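S.K.: Sharing a structure here in structure tokens format.
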């Protein structure tokens, strides 16, 4: 039986070896594409990552894959629906691959990668970036002080370069970055490593740096690897039979081999013997493993409760956690720039623990999220992605989207309103569900219940159409002058939420020219909060407001009341 595996990276420990960079690495692997696995898709809002708020809605809608990385979540790469690759952000160590060292808030296209479908992406803290394509090619760019780009030099890669030494005729399916070392997994289950090797993280049996890709053998000789991961200065692999191996730095026990000694060659996690591991993920100095039975194990550093054991004691060997949860776990998540952990259950519940916005959460905490990615967008520091994120683009519409789509649709409507000689097509059932006024109207003893067309003469077409659209969408889009009429309607129909929305629109759109008209409307419709707002605006701009036509056309009693009230506020002292 073929098993499926995905691995995401861990990092070196809180007690770290000498390293050329104190910055913790970040790894965002992609599950190997050649294996079928059960998916639990969720619509992901890329806008939850602050960097993507720089893009317009149209550009965001084109995104198919994306990754946010960097020590302050200040770099991003994304791939569009037509397989164009764009980058933007700080460009530390040329990690954007644009050919220069300039930062850019405007996305730049990497033409060299155009049309090459991305199947795996990873990055380290150097930073450097590895990218594998559907065709099995491997590209690298960014920091290269320890030959982590695999081209035999230590020159920074300012643009994507093809990594080919010892990889000819090898199809790369997955990549993983440590702080300054790299791993690549081939289609036939071989692991290649290169770069910085001070703790044995390239698995060669020595500690000399490795400038080009070389196959990791020793205990992996003759075995089929299905997933790889890198820590800051450590590496891990999952075999096709579910066994896990680790090598490199182990100062906090993040290799899970029962001690805290470094491993210069792959060493099997004996404590997981008899279990079939499907996924492994590690944070800054801890690791998580998920078995085919939906069981979750954790080990390594626990300074912030990131193991989820209820205390802050480190663990040198895997410990079973969340054993009391009835629903099996289907996904685990961690990224090694943070001390945050997350998981998702078969029933769709998402838990988080560890360091979350500065707090130490010692036990898995149930969130309101629908995907583990949102945990890192909203609670991890920095707000980086723990994996290469794929957007869900399909024809599925939510209930809300379906209702919005059918508003004023002649094809499906069963009722029309006639306003100012124009028709608005609606669905009687929707109106009854959404509005108490219509629920009462469409009773057998009301004449309107038998009509196919209902005439409306007390409100204008823009106002009534906006009201009906609100019932389908929960939104209002009107200029403040029309919002006055809608405020009148909302008051008449006892729609309090709509009334508040109208007041917000009016506040946002108030000007010297319309201020007194809006004040009059607020008084007329008994909107006290809006009345107070408009009154203060008129007093603050008294000279200009008194010179408008609206001021002198107002009802005499109201004008008198305004002058008296303004006088009490000291508006005429000068």
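Each residue, glycine too, has its Cβ placed from N, Cα and C.
Feature list, courtesy of TrEMBL:
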- 1-34: region 'Disordered' (REGION)
- 19-33: compositional bias 'Pro residues' (COMPBIAS)
- 83-134: repeat 'RCC1' (REPEAT)
- 136-188: repeat 'RCC1' (REPEAT)
- 189-241: repeat 'RCC1' (REPEAT)
- 242-293: repeat 'RCC1' (REPEAT)
- 294-346: repeat 'RCC1' (REPEAT)
- 413-480: domain 'BTB' (DOMAIN)
S.K.: Across the whole of the repeat 'RCC1' (83-134), what does the mean pLDDT come to? Round it, please.
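M.R.: Averaging the confidence scores along the repeat 'RCC1' (83-134) gives 94.
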S.K.: How many helix, strand and coil residues does the repeat 'RCC1' (294-346) contain under DSSP?
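M.R.: Looking at the repeat 'RCC1' (294-346) with DSSP, the answer is 0 helix, 24 strand, 29 coil.
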S.K.: Please list, for the repeat 'RCC1' (136-188), how many residues fall into helix, strand and coil according to DSSP.
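M.R.: Taking each residue of the repeat 'RCC1' (136-188) in turn, the totals are 0 helix, 23 strand, 30 coil.
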